[in-house]
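Taken verbatim from TrEMBL:
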BINDING   R38, E39, D43, R151, R152, G153, H154, T155  D-ribulose 5-phosphate binding site
BINDING   E39  Mg(2+) 1 binding site
BINDING   E39, H154  Mg(2+) 2 binding site
SITE      H137  site 'Essential for catalytic activity'
SITE      E175  site 'Essential for catalytic activity'
Amino acid sequence: MSDKKSICHFKDFIYRVERAVNSLCNGNGVILLDDKNRENEGDIIFSAEKINIEQMALTIRHGSGIVCLCLTEERRYQLDLPMMVKENTSVYGTSFTVTIEAACGVSTGVSAKDRLTTIRAAIADNAQPSDLHRPGHVFPLVSSIEGLYSRRGHTEASIALVKLANLKPFSVLCELINDDGSMSKLSELIVFSKKYSMPLLTIDDLYLYYNFYNISFI
């Protein structure tokens with residue numbers, strides 16, 4: 001059964017996107033699936049400015065542990081964050097910078113509270129490079145400047161979502177995993193979505209929505 005048929009009970013792409021935007025506006029999370037021919041995974045997504053400690057703890061508990069902060073290229077320059085490697089050879093061109101930690105207000109940096117403190121330091125309007133230590137326990141990802149037009153990844157899609165919600169263009173994401181450590185696939189993601197009342201949508205939904213309403217990703 002195709003992904004599209006499996007999520008048909010979530011109605012059409014416009015409904016799915018707008019329900020996800022509403023969830024983010026209200027400070028809740030969403031589940032974002034990519035193409036089954038790509039990573040074929042689902043990420044839990046929150047707005048970086050609205051995520052709270054309980055949601056961070058949930059993300060750590062049910063996720064891979066690699067909690068990522070999706071940033072724009074402009075914010076990367078503002079924070080003076082070098083890329084993790086000079087030559088990116090990852091299969092999907094995932095754009096990690098060096099990892100970060102808040103310079104103040106954290107202990108080991110790994111707790112839900114500490115990671116939240118780091119995220120808030122990085123997305124503050126007046127954030128400076130000195131506000132962050134490197135390395136740390138939060139993994140920044142940099143969105144492609146052209147967004148989903150040039151890369152159909154969770155990084156670009158999550159930022160496209162928070163922009164639709166008129167929130168700061170920064171998001172928090174983490175891959176969802178099962179109790180046995182395997183990656184959560186569609187059937188498990190649907191169960192998780194219902195259990196935690198998080199809308200489920202696909203990256204393709206977002207791409208279609210932006211094109212349907214002629215919205216620019218840039």
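Even glycines carry a Cβ here, placed using N, Cα and C.
Since the structure is predicted, the reported quantities are computational estimates derived from the model, not experimental observations.
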For the C-alpha pair, I'd like the distance in angstrom between H137 (site 'Essential for catalytic activity') and T155 (D-ribulose 5-phosphate binding site), rounded off. 18
Counting Cβ neighbours within 10 Å across all chains shown, tell me which of the recorded positions H137, R151, R152, H154 comes out on top. H154
In sequence order, which residues at least six apart in the same chain have a CB under 8 Å from the CB of D43 (D-ribulose 5-phosphate binding site)? I31, L32, H154, S158, L173, C174, E175, L176
Rank the recorded positions T155, E175 by the number of other Cβ atoms within 10 Å of each Cβ, and give the residue at the low end. E175
Please report the number of other Cβ atoms within 10 Å of the Cβ of G153 (D-ribulose 5-phosphate binding site). 23
